[in-house]
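Okay, structure first, notes after.
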Amino acid sequence: AWRDKMLYPVKATYDIMALLSAFGIAYRLAEKYRTLDPLSAGAMSLVAFVMTIPQVTLFTPADGSAAQLVKGVLPVGMIGSQGLFVAIVISLLSTEIYRLVASRNLVIRMPEGVPPAVAKSFLALIPGFCVLAVVLALRLIVEASPFGDINSMITTLIGIPMSHVGGSLPGMIISVILIGILWTLGLHGDTIVLVFIRPVWLSNMSENLEAFQNGLPIPHIITQQFYDLWIAPGGTGALLGLVIFMLLRSRSQQMKQLGKIAAPGALFNISEPMVFGIPLVMNPYFFLPFILTPVLLVIVSYTAMATGLVMKPAGIALPFTTPIFMSGYLATGGHVSGAVLQVVNLAISLVIYYPFFRAWDRLKAKEEQASAQPEASVTLSAADRI
C-alpha cells in the first residue's frame, strides 16, 4: 500500500506526459513563430489531442468479475507515454494549421477599445475551428478504418514492424539511432522507442533464461540486458567515457563541477544529469558522438557474442542501474568475458567522445575566462578609487 502511495508523484507527472507534451510543444513552437499567441496554440493542441483519444476503457472489478466497458473516461495509457508520439504529431500539426490560417488573415479582429485578452481570444476562434475540424475529420476517417483509433493506427503501422525487427542487428541499430535522435531533441527516446521493442527483448530474455537453466545453447543476443548493460554504459549515449574526461581532463570549472555531480549517477547508468546539464539537447558538439557511440557498441558487442568470444546474456533480470563490470559478469551467468566486453566498450566510448569533449571544454573555458576579465576590471577600478 505504501509503495502505491509513494508513486502518486509519478502518476501526476509521467502518467500525463502526453498531455503536458501536447500543450508544451505547441506553446514553444508558437513562441518561436512570434506571430502566434502561445497560450492559444497550446490550448488548441491540447483539445485536439484529447479529441484523438477514444473515451472508453476496460474496467476490471476488484472482486475478479468480468471486465466491463466504461465510457466517458480517458485511458491513462493514452495520456501517458503510450500516447506521446500522437501528442507530438498533433501539437505540430495543430500549430502549423494555426499559423497557416493566421498568415492568410482569416481571423476575427476586434475594435481598438476591446481589452487585449478578449481580442486574443477572438483572433484564435477561426484558427481553432480549423484545427478541430481537421482533427475531427482525421479521427472519423481512422474510426471508419480497421484501426479504430489514431493511437492503434500508429501502433500497427510503426510498432508492429519495429517489434518484428527488434531482435535483429539492423533493428537494434535503427532503435539506438532513433533513441539518440529523440534525446537530442529533448524527448525521452527510450520511453518512445522501446515501448514497441521491449516486449520482444523481454521474450528473448525469458527464452535465454530457460536455455541457461537447462544447460542448452543460449538462442538470443539482443535482449533488454544487451541494451542496458553493454550499449549504454553510463546511460543512454554511453556517457560514462565523457564523465571520466570531465572529471580528469576538464579545464572548464563548469564541466569539472558537472562531472562531479553526474559521476554517481553515471556509475549506475543514469544519464539525465549529463543530457540536461551540459546540455546534450540541441547541442551540435555532441550530436554525432551521442548517436555514433551506441551504434558502434551494438556492432562490436553483437559481433563478439555471435562469434562466441563473449557469452550471450543468460536472461538474468538485472536492473539497468547495476554498476558496470559487475553487471557484465552477472548477466552472462558468471563469465568474465561479459565484463571484459564492457571494458572494451568503455574504451570505445572514451576514444569517440574525446575530440568532441576537447572542443566543448575549450569553448566553455574561453567563456569562463571572458566572463572573469570584466569582473577583474571592475575589482581593479574599485581598488583604484579607494
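Just so you know, glycine gets a Cβ as well, placed from its N, Cα and C.
Note that TrEMBL annotation is computational and uncurated.
Noted in TrEMBL for the protein shown:
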- 1-356: domain 'PTS EIIC type-3' (DOMAIN)
- 12-30: transmembrane segment (TRANSMEM)
- 42-62: transmembrane segment (TRANSMEM)
- 82-101: transmembrane segment (TRANSMEM)
- 122-142: transmembrane segment (TRANSMEM)
- 173-197: transmembrane segment (TRANSMEM)
- 229-249: transmembrane segment (TRANSMEM)
- 286-304: transmembrane segment (TRANSMEM)
- 339-357: transmembrane segment (TRANSMEM)
For the domain 'PTS EIIC type-3' (1-356), the mean pLDDT of the predicted model: 88
Outside the transmembrane segment (286-304), six or more residues from its ends: residues with CB under 8 Å to it: 169, 172-173, 176-177, 179-181, 183-184, 221-222, 226, 230-232, 236-238, 241-242, 278, 280, 310, 341, 344-345, 348-349, 352-353, 356, 360
Stretch-level contact, the transmembrane segment (12-30) and the transmembrane segment (82-101), CB cutoff 8 A, at least 3 pairs: yes
Stretch in 42-62, 173-197, 339-357 most in contact with the transmembrane segment (229-249), if contact is a CB pair under 8 A: 339-357
